[in-house]
């Protein structure tokens with residue numbers, strides 16, 4: 001069953017050039033969870049991985065092919081490779097997997113980790129050609145594996161595409177080494193060595209550089225150039241060829257000889273018919289074969305060991321082994337091709353009887369029965385839409401010819417909704433106009449309900465395009481045109497009315513509309529809209545100052561996601577985003593950080609432009625902790641994304657706050673002025689994101705000493721906040737106003753504003769906005785807490801804020817960031833040992849945390865790395881600085897800080 005060569009690491013490396021610049025990057029690999037070699041074909045991913053691991057003793061190698069997408073097959077090969085890497089420490093898990101005595105891959109991996117607890121040596125398992133895996137269950141299981149595997153194991157992946165293994169999260173957490181085609185491409189020196197090893201006459205550096213530039217360092221192209229030069233006696237510069245790809249061999253001949261030919265004709269025919277189904281029960285099989293003994297025959301074949309497995313936990317459901325299913329499909333198409341269409345048509349009808357339109361439409365398309373496809377779409381299309389099966393629907397509709405499509409108004413409306421739901425807003429109007437014209441040509445009258453659905457859809461597009469007035473007009477028109485039976489469009493129109501009122505600052509109208517939207521959406525099981533309504537309600541409650549109520553409502557959103565399995569929809573990230581914002585304002589930074597990372601994980605397979613909010617939050621958290629070097633990396637991501645994409649002001653305002661706070665911490669007034677010169681100045685500030693944008697403008701003016709401009713903007717800001725009853729934003733604005741008064745030396749006014757802000761914070765809990773200006777208002781809070789006019793609650797709040805401000809400032813002082821290190825190593829009085837044996841950035845961070853009194857375990861938690869990694873960093877820095885123990889490390893750090901004037 002298992003192919004030994006798939007578990008054998010490649011040989012024949014004698015002709016490969018050694019690549020120290022890549023190998024150097026891999027020296028720290030034991031301290032990372034994942035090493036990813038990612039590049040197009042022909043860049044030597046497998047060769048490089050094999051060369052690097054050639055002298056490592058504990059390595060398991062799994063060469064993947066496109067038949068490995070069956071979870072059972074995959075995990076068996078994986079466990080065999082893992083056993084090879086760990087001296088067979090997981091033998092019990094291997095037996096469980098082979099016997100299918102597992103409830104899920106996660107439970108199996110938990111058994112694996114338990115067995116590996118006694119194996120402590122450094123080890124590696126290689127997944128070669130992982131891009132051939134397309135099974136989401138395997139991807140999900142491998143994400144679990146990577147998250148929970150022991151520290152002494154490193155997973156090595158080679159892939160042509162970015163694998164969906166949580167790499168965005170691992171990258172941000174510095175738990176992954178990525179070797180891309182930029183690193184795998186040869187540089188000039190490697191090109192010279194490569195050709196000198198293969199060409200008798202050698203090659204000079206100029207020619208090597210010319211060739212490298214011509215093929216951009218692509219190793220396979222260079223190999224072809226060398227071969228052409230050798231065999232055709234041509235110059236190197238003349239020889240450029242493409243590379244052909246080879247297909248993997250199949251096991252069909254073996255299965256014919258060893259299994260299929262041993263069966264009687266009737267059984268062979270039965271198996272070929274059933275093989276049109278990925279999984280099946282007796283009812284489906286009866287519909288296909290008309291055999292009343294279907295269940296008994298399936299069970300007897302299962303007992304016979306014919307690659308038929310019962311589905312665990314499912315009564316009388318079965319599937320073929322993945323390879324055997326492929327083999328049967330091949331035999332079916334070769335031996336009974338005349339039955340192919342009828343089999344798929346019958347399968348489609350059978351799946352409809354099982355209430356599974358997704359499966360039915362798949363078979364209807366394979367039968368090429370377009371009328372049946374239309375019938376399924378008309379009857380079940382909206383149900384599939386509500387369940388999120390968008391790609392299946394769109395593929396089916398796009399395959400229809402114009403006559404069929406435009407003969408059915410329900411399908412043209414569904415087509416437009418599919419475009420909207422996938423954020424192709426600019427196409428929606430065109431699709432509806434085209435449909436209207438085509439329906440008229442066919443004398444199909446579009447009733448008022450169709451017009452109502454179209455207007456509801458256009459209203460959603462308008463609000464997404466920041467046209468609230470137009471959206472409101474269209475939504476109200478739609479509600480007047482739709483009866484209660486067209487529930488989806490009524491839900492959307494109601495939602496749009498609520499959202500428009502939210503955007504316009506009419507919160508008392510917006511909230512009940514969103515509550516009604518949620519109720520309707522839950523009633524009709526349109527759960528995406530129910531979640532959207534919860535998110536909107538949460539934002540409205542936050543704006544009204546009811547932050548605890550919003551927090552509890554968010555909990556109901558998380559429950560809905562869990563109950564309806566919406567974990568991977570983008571709205572889940574939206575919920576995590578607003579939860580993180582509340583947690584940040586409550587100074588619960590660890591929890592906020594976790595939400596941001598989870599958001600990145602959800603959006604892993606979406607456009608990087610969607611990551612802006614997560615990076616904005618991570619930057620803000622790092623700034624709050626004083627980790628400016630870490631924040632700087634997030635800021636670079638933010639600036640790159642803002643240059644690459646166009647965002648709604650809600651997104652840019654959040655990102656701009658992080659930028660301004662970073663520049664404020666760095667004292668970078670030049671960057672702040674540049675931002676201010678081009679900053680959008682909205683005409684109003686009637687909602688939370690326009691308030692934030694104007695507050696950013698005020699903050700920039702204050703930092704630049706432009707106090708009059710700051711005062712004018714603040715007056716406008718507070719006027720708008722009070723007009724629209726934006727309680728939480730009024731609270732935030734008071735803190736900024738106090739900062740302005742303090743900068744203008746008006747201490748009494750600043751204290752009065754802080755007192756008012758403290759009173760409001762009793763309701764909102766918004767302490768984060770005090771902390772970001774702690775350096776300015778800390779002393780004022782101390783004086784204010786001594787005054788008798790503060791209530792007990794406000795005094796307690798002020799005292800807690802002073803502790804937090806003091807803690808943050810102390811935290812900032814102990815972090816050895818990049819600027820500090822650069823100044824230190826260039827200081828004329830720095831010890832020669834520091835200059836000649838420079839520490840890495842991470843080793844400096846570890847030294848700073850040792851000085852702060854952190855234990856090894858606390859340092860590992862702070863830097864989010866394994867404890868073994870911290871021990872290695874400590875050992876390295878002790879050697880480099882000639883330190884014997886922790887006490888000496890603290891003294892050394894203290895001396896360096898004193899040298900720099902701290």
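First residue shown is number 1, and so on along the chain.
Positions of Cβ are set from backbone N, Cα and C atoms, glycine also.
Computed from a predicted structure; not experimentally measured.
Counting only same-chain residues 6+ beyond the ends of the DNA-binding region (856-875), those with a CB under 8 A from a CB of the stretch are 30-31, 151-152, 173-175, 840, 842-843, 845-846, 849-850, 889. Residues or ranges marked as DNA-binding region by Swiss-Prot on the basis of sequence analysis: 856-875.
Per Swiss-Prot, ATP binding site is recorded for 39, 40, 41, 42, 43, 44, 45, 46. The Cβ of residue 45 (ATP binding site) has 37, 38, 39, 128, 158, 159, 179, 184 as same-chain neighbours under 8 Å, each 6 or more residues away in sequence.
Annotation source Swiss-Prot lists domain 'HTH luxR-type' at 832-897. Regional average pLDDT for the domain 'HTH luxR-type' (832-897) in the model is 81.
According to its DSSP assignment, residue 39 (ATP binding site) is coil. Taking the Cβ of residue 39 (ATP binding site) as centre and 10 Å as the limit, one finds 22 other Cβ atoms among all the protein chains shown. In the three-state DSSP classification, residue 46 (ATP binding site) falls within a helix. Under 8 Å, Cβ to Cβ, and six or more positions away along its own chain, residue 46 (ATP binding site) finds 10, 37, 128, 129, 158.
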